[in-house]
Amino acid sequence: MSWTSLIDHAIGHYNYWVCVVLMMLGFYIVIASGNLIKKIIGLNLFQTAVIMFYISMGKIDGGTAPILVDPEKVSGPVVYTNPLPSVLMLTAIVVGVATSALGLALVVRIKEAYGSIEEDEILAADRASDAKEQAQYAASAAQAAKTEAAQQGHA
Amino acid sequence: MSLLLDCLSWLLILTGGTFCLLGGIGLLRMPDFYTRTHAASLPDTLGVMGILGGLILQGVNGGHWMSVIKLSLIIVFILFTGPIATHALTRTALSHGHAPVLHENRLPEQQPVKKDSKAGRKRGRKK
Amino acid sequence: MITMVTLIDLVLFTLLGITAIAMLRIRDLFAVVMLSGIYSLVSAVIFTDLDAVDVAFTEASVGAGISTILMLGTLALTSTKEKTPRRQSWGALLIVLVTGAALMYGTVDMPAFGDAASPINSPVTDRYITASGEETGVPNIVTSVLASYRGYDTMGETTVIFTAAIAVLILLGSARTTDAPVTPRPATTRSLELRPILRAGAKLLIGPILLFAFYVQFHGDFGPGGGFQAGVIFAAGVILYALIFDMDRARALFRPAVTRPLIALGVLIYAGTGIATLFFGGNFLGYSAFNPHHPAHGQELGIFLVELGVGITVSNVMMTLFFTFCGRRRP
Amino acid sequence: MLPDLPLHLPPLHLAVPLMAAPVGVLWRRPVLAWGWAAVVSAVTLLMAVTTLVTVLGHGPVSYAVGNWPAPWGIELKLDILSALMLVLINGIGLLTVLYGRASVQSEIQASHQYLYYICYLLALAGLSGMVITGDAFNLFVCLEISSLSSYALIAMGKGRKALTAAYNYLVLGTIGATFYIIGVGMLYMVTGTLNMADIALHMQAAPVNRTEVVAIAFLLVGIGLKLALFPLHKWLPNAYAHAPTAVTTFLASTATKVSLYILIRVFFTVLNGAPLLASHLWAEMLVPFAIAGMFSASLVAIFQTNIKKMLAYSSVAQIGYMALGLGFGTVNGLAAGIIHMINHAMIKGALFMAVGCAVLRIGTSASGAVRVESWQGLGRRMPLTMFAFVLAGLSLIGVPLTTGFVSKWYLMMAAFEKGWWLVAVLIVLSSLLAVVYIWRVVEAAYLRPALPGSDTSRCEAPLSMLLPLYLLVAANIWFGIDTRFTVDLAQAAASALFQPVTGLNGGAQ
């Protein structure tokens, strides 16, 4: 591959590369962040980057927005950018906002129930209540076994 | 005529662009919240008006009257929203006790770039 | 080939990357939410640049508008600081790097950006571009594909929004909401009421915003826009009113008893149009059947109806979301 | 002019529950909402059965939505497998609605019950939509309808853990869906179409392309997340454990099955005849994950004290069996996977229904009622429920004369056919693990004394819950003895999937 073709390749794919980097930034925020709101923001970032990826692939050099113009008003053929990615991504944006609304509602409820929106604190709270329940049930099970043994001995 | 319009339009666009740039620089260089808000309102008003005005002249030149109308409407709306937003922002800051860093209440050793808002507020209350 | 568009594109994309990195590093959630609004706005500019005007319109109104408001509402109910320091999670980093590397590997064989000869500009797209004008009578190809060729998808999309509203009502719709006027109101709201300039400005703006929503709704066939964008803009006007004047008064105007049935009505209009076409002898959502002599007229009617359904559902869902989030009392 | 309804059935599978959901806003009274959901489920089940009969009689059905021929419009495509899935989803749906009335009454506050039924109808619409569509992007839209409604349904569970479980499911599910659209986007980029059969045709014609490889990998991971395929199963145990029991029953027997269906579609319709599949590498890649899931999830299940969570881990293990069937990459392997998919829906449906009956009567806190200790002495207190649990448990283990045995038998046959003796041995070994965890519950219920202070009077669940439960248990036994129906259908569906895709608009077979 010669240098010029390499540069052409780089320019032709720069958009996709940036989209990949943005996707991964969003993805990293989702999985590495311990704050529930920030995770949702990360998801938004991730999804917007995917939208950008789709839109990038639809663009045609020298094209125009896919709204038909009166052929009498312009000279020569008109190149329209591909409308299909736009259509798909309109749907994706809607899905994205629906998901984040639901996620945020869950965050509000979690805050009310746990008093925190930090993953670590929530996990700790869950662990504490689990341990308490475990101890309680283990004790009652042991007591039940003891009573049963006593009854059998009695009989 | 068209050349004149073209020149005028470019002049306006360049002026607008310069104001935007100045606003950006001001946002970074100004010492406290209020002066920064002032800087930030530059691109909102003069910057955008310059650029849009230039574009309107281009539209007049090319006879795209629909675009001219739409651009004029945008100018009107930005003229409304920009200053109102700036005003609301600064008033909220002021009512929350965020005092401006004035010349007399800045400590001599304090770097103007490091506008510590908390310190500023404390001294503001003292006054 | 470097064109002006590519150049603008490069700059904007770099800006986007910087914003994203800032969002990763900053721990003040308020700032992060603001940055995410900026991120959406810059994305919208890029979409315009890439000729996806409808997507840009939607991203600007949803990503920078509604999403940001919902997030701010959530922050008000939770907290604005990220407590835990960002964990140096090597596992997460590894997953992300592997995924990223896979994607990068995938880009190698991708057709170049802007290439008119790439496979996606295939017969499928050709028909949309060359024939949609005659087949549907709608100049905006995005609208005709959205509402007619792929109208079934859009019905699903409307349902997704409906589902979100139902889900948010399940989660936040009861117990703590303030159906009665809250007394005393928080200090910030009261101080807002004392601001004549803000109120006067808002008064002047709300009318045109609502008017613009209707323009976008009914002009979506000819220019960018459509039911979804119109719905969001209409809701934005109402939200602006609620923010600056009074939440309770806004809610009295757009009562849940009215908005909630309307959410359902929009979905029903959409799906009902599909069922109606069956009675006219077409396939599901085959609007041409409405007018056998002029299929394009039938298409126009069908597209008008389903866009109306989308607009009704979306505007009412957005208002419901806002009122449910912001009407909830802080715990 | 009345439309010819049987001809327009395909879009109605989605449209009927989808329109029923907004209408449901009107019926606020729980009884009315329940009745509405039951009527709609019955109607959709009837439609599904009609479709299955049509497909069996006349071959696959293709429907052009909006009269736009594929690939310009969205094509709905019903072959044997999708018709079978429709019957499964709607059948289980009807049973859970009938069963769920008492359970929902006790677990969800009265003012929210109508919203529960709306969400259920939406989930039903989404799942049906995923099964009938022939368009890769439309599948994503339907996936989101079903996912969003499932998140809400799970969050309705008692106790705060339901909220975190729903949140985690939401995050992971959205990542999965996003991976899926990245994959679809890349496939669209190199083929220029979104219709699955059309993508297959393009990929058959073109040489292997690196973008395609990555696209398939992303589709796999995305669907794997939704499917809870080991090691992407982290969301599932908590989501199933803390959701209302009726929701767990419905999701456990339908949602993961539909995800598996998508996986089958990707492998056998999209990758049909593509140079990529020549090595069968993709399918075989599933095998190690499937086996690891079978063992590790079963082992974790043994140590659970929460019975719902134990069954949820067991689900992860069972998903391993289904994925293993796919991984053989042969007609018989695929058939075995499909058989297990159907059978497991019946098994887990019955098990979770039995759990729901017990929860209704034990009636302590949400997590307390499903603890093994709370179940002590339940054999005497709720003999019918526990008997059903034991029968369904035997089926899960794979005892002869139950459906579980049938699916494991066919899986082993497929393994032998491939010459993978070790895999066959592993299938038997992992089934033994199921004996251990089912035995723990049985032991507690029949051999341990009841907890002090707990009610020991005999108190069976209401008939409205027991009937659907015993219907499923009976199905478990019936299809375990008379294997013709499931096995023949699964084999027909599998061999149809191995036919090459040759054209669009119904020309797939």
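Cβ coordinates come from backbone N, Cα and C, glycine included.
Annotated transmembrane segment per TrEMBL: C:6-24, C:29-48, C:60-78, C:90-108, C:158-175, C:196-216, C:228-245, C:257-281, C:301-325, in sequence order. Taken from TrEMBL, the feature domain 'MrpA C-terminal/MbhD' applies to C:15-78. Marked as domain 'MrpA C-terminal/MbhE' by TrEMBL: C:113-178. Residues or ranges marked as domain 'Na+/H+ antiporter MnhB subunit-related protein' in TrEMBL: C:197-320.
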Same-chain residues near the transmembrane segment (C:228-245), Cβ under 8 Å, at least 6 residues beyond its ends: 54, 57-58, 61-62, 65-66, 69, 157, 192-193, 198-199, 202, 205-206, 209-210, 212-214, 216-217, 220, 251, 253-254, 310-319, 322-323, 326
Number of helical, extended and coil residues in the domain 'Na+/H+ antiporter MnhB subunit-related protein' (C:197-320), per DSSP: 102 helix, 0 strand, 22 coil
The domain 'MrpA C-terminal/MbhE' (C:113-178), counted residue by residue under DSSP: helix, strand, coil: 45 helix, 3 strand, 18 coil
Per-residue pLDDT averaged over the domain 'MrpA C-terminal/MbhD' (C:15-78), given as an integer: 89
